[in-house]
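Participant: Supplied in structure tokens, the structure appears directly below.
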Amino acid sequence: MPQPDFLQPTDLFPPRHIGPSDDDIRDMLAVAGMPSLDYLCDVTVPQNIQLRRPLDLPPQQGEQAVLGELKRIAAQNLVYRSLIGMGYYHCITPGVIQRNILENPGWYTQYTPYQAEIAQGRLEALVNFQTMVGDLTGLPLANASLLDEGTAAAEAMAMCLAIARSRGEERKEFFVSQDCHPQTLAVLQTRAEPLGITIRSGPNTSIKFSEKTLCGLLLQYPTSDGYVGDVSGLVTQAHEAGTLVVVATDLLALTLLRSPGEFGADIAVGSSQRFGVPMGFGGPHAAFLTTKEEFKRQIPGRIVGVSKDAAGNTAYRLSLQTREQHIRREKATSNICTAQVLLAVMAAMYAVYHGPDGLRRIAQRVHGLTLMLAEGLRRLGFDVGPELFFDTLRVRAPKNQVDLIRVRANERRINLRTHEDGSLGLSLDEASTVHEIGTLLELFAGQNRLPFQIMDLADSIKPGYPNPLARTSTYLTHAIFNRYHSEHEMLRYLHRLQGKDLSLTHSMIPLGSCTMKLNATAEMLPVTWPEFAHLHPFAPSEQTQGYQELFRQLESWLAEITGFAAISLQPNAGSQGEYAGLMAIRAYHHGHGALHRDVCLIPVSAHGTNPASAAMVGMTVVAVACDKQGNVDLTDLEAKAVQYRDQLSALMLTYPSTHGVFEADVRRICQIIHTHGGLVYMDGANMNAQVGLCRPGDIGADVCHLNLHKTFCIPHGGGGPGIGPIGVARHLAPYLPGHPVTGLGTRESIGPVSAAPYGSAGILPISWVYIALMGRDGLKKATEVAILNANYMAKRLEKHYSILYTGATGHVAHEFILDLRPFKETSGVEAMDVAKRLMDYGFHAPTVSFPVAGTLMIEPTESEAKAELDRFCDAMIAIRAEIQDIADGRQPRTNNVLKNAPHTAAAVTATDWNRPYTREQAAFPTPSVRANKFWPAVSRIDEAYGDRHLICTCPPMDSYQP
Ligand SMILES: *Cc1c(COP(=O)(O)O)cnc(C)c1O
């Protein structure tokens, strides 16, 4: 019996998530010339792939019920004090940062800062990040940012290989010190093998420099078990042998220790997690990579640089030459796209808030407490070694004693690390206290009465380091790190930056392929629940039962949604999902004796990460043509499949295509590949058009990644975090990524692709809540409305612009492409001019020039209400009229409202105004803009200037202008 209506929960979510009301939907269907949503989807999605049954998912539930259920799950996570270390530390997130960045949609709903004029806030924050990691590591050039410490080390290894090659040397070995974190070694092993790199690992004394086969070596400083030593001699030896030195390091320790740059390291990597970012059971956290100026061509990831705007003012933007390595396609050595922007912003702000003195005090306190603990342990008769350390100790004791200590630690809800030889490790952190030292000493003493006074320990220690280990150079002397130490000043700084950035709190961000949908508050709330935020990724499994239950449910839901047998939640972004999926395909072929299968077919329309990922797994990329409708050219596909039938490994296919079309022949495409011995990798970035309507697994894909930060509501955070889980068919399930520290995976597993077993576990609750709130019917309706919204906009705009591709029935999928190329000739207007002009109307541009140069790709998503779609269409139509004014000669081809866009408040209020259009046309082109104006912070940015004068750090103290 269905419940009577009045008993239905009043907080059901689909009507909150889906923008258009049922009345709007009716009106929009009429505009699109469609009788119903079902009918629209029936004619849009090819008949032979339609699911035609409801997804086997729970029904929708109200927000209160879902959060209540999640609380029950969260309560099964036990928040112990984790002193395990290994790159993950408890830290204190300043409230002003937690509430105003991490929990603030003005920051977390921003898009990647490609449109720099409306992204100056986060770009400044990222320059702060680059300056911070560059200063602390003593290496001037930094990126912002990488996905975790393990993959950052892997990126550094790829750099070493590339640098050796650029010097004309083929060096295919890489040494990893046995002092590195075990998960870093494991990620390096995964990444090395397909590149043909041999990893050597052992004590530093075992390095064989004389053979000149090492492209690089990786040291951990301080070591994973806590030791701090002088490695400058080793660095000199390496350099004499032509080997580069990578140092994995700890930012907090570097406030007291000589920096890697100062002892000659070529590259430094690490995680900025302990700068105010919760552990989150492994992530997300921003990793960093810094290097010398001379390697700027090889650095992976995004680098923010300084340039000038049209008015001559300083302005930040992503520097082109190094930006987005994956755009170099199969020549790329990295596939990083989505990074960890929000977390990099948090870490940078932590440094801004504490400043150099505050950071040093935190480090001194942690170090001093560690020395006290060591002294106490020595007095209790334990062997902690005579060595120097920062915050981590390794305690050797007989096994029976160790077992007792572990039992007592467990009783006091404290996690320690156990080394392979049975010794105990413990890492103190910002949250440690004198009281905690007492507790720890009691564990080791086995009694509550210590034979000494704790405070006596403080008197008998000597903090600091001898030369040459002590840090003597200054750091973070820039104004920005020395200004905002009162909370009021900090609050206002954060809000000042936020005010420069357009986010989903202002207007729709119709980014094709990026699915900028609602990131609902109910989805975000659990992220900072302590039960999710404060778990260490290597905490014992008895303490992480809540997470385990959440993973199991989410995996089963995603498996049902995609039609696959198994899911891995480990990859930290779509690009990493591609990597993991291709590695699984590779392992499958190898497992079946087909070592020679290494050709990857990729349509020319593919996203740049596809060929970059294929190159990273050692595949040879062969491009497949697209026809005039934007579909994969079947004749070319078949010809290539036949030509390479003995080497064919995989096809990478985006579906619906990056042209926004459900290709009717997709089943046939998969068949062709299977017939010739290959497997099909589906890039699931466009899954928002499939959920509930069709499934990659049914279509014929063998593996598919999802972007949880696109389809499943994790916010983009200004360019990360993201999660890129993969779904695989049964025959690939054994190969899903494993993890050596927790024993995840099977014997056939490819190694880990992320440092943590479940990647960015801390934000998985977002997608869990989304699916639970929407239920099977809500999810399907979301897809249908996403398709309707796109078709409605396409209908409204087709009278003014030409739509580049439509499906066999004249419909688009969930996104569509406007062709602006004809305007170049008629008016001199280019896609970028329209993108910049949209800022004057208060909108973020759609995707510019991908997948086709000179076009805009629009994806509205289901979350945008009809009123917002109309506002955007009205702006595009008004801009079309402005283009016509130029074409008809009413406005000049150069000095016009499009070429001069965006218009800042400074420009339109200047005393001089000598432009052939009014100030009102410039800044308030429609009444709705006047009612709600978003001012771009700077004028059009000169891209070339910034690339010619690459500056990636904050201005020094005296030249700073607020
Ligand atoms: C976003 C996207 C990717 C890459 O995903 P990231 O999470 O940014 O690494 C790959 N392919 C397509 C089509 C995409 O839109």
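In case you wondered, yes, glycine gets a Cβ from its N, Cα and C as well.
The domain 'Glycine dehydrogenase C-terminal' annotation in TrEMBL covers 782-903. The N6-(pyridoxal phosphate)lysine annotation in TrEMBL covers Lys710.
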Participant: Below 8 Å Cβ to Cβ and six or more residues apart, same chain only. Which residues does that give for the residue listed as 'N6-(pyridoxal phosphate)lysine'?
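Facilitator: Looking at Cβ-Cβ distances below 8 Å from the residue listed as 'N6-(pyridoxal phosphate)lysine', excluding near sequence neighbours, one finds Ser513, Cys514, Thr515, Lys517, Gly574, Ala685, Met687, Asn688.
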Participant: Restricting to the domain 'Glycine dehydrogenase C-terminal' (782-903), what is the model's mean pLDDT?
Facilitator: 96
Participant: In terms of DSSP three-state secondary structure, what is the assignment for the residue listed as 'N6-(pyridoxal phosphate)lysine'?
Facilitator: coil
Participant: Give the residue counts of the domain 'Glycine dehydrogenase C-terminal' (782-903) per reduced DSSP state, in the order helix, strand, coil.
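Facilitator: Helix (H, G, I), strand (E, B), coil: 55 helix, 12 strand, 55 coil.
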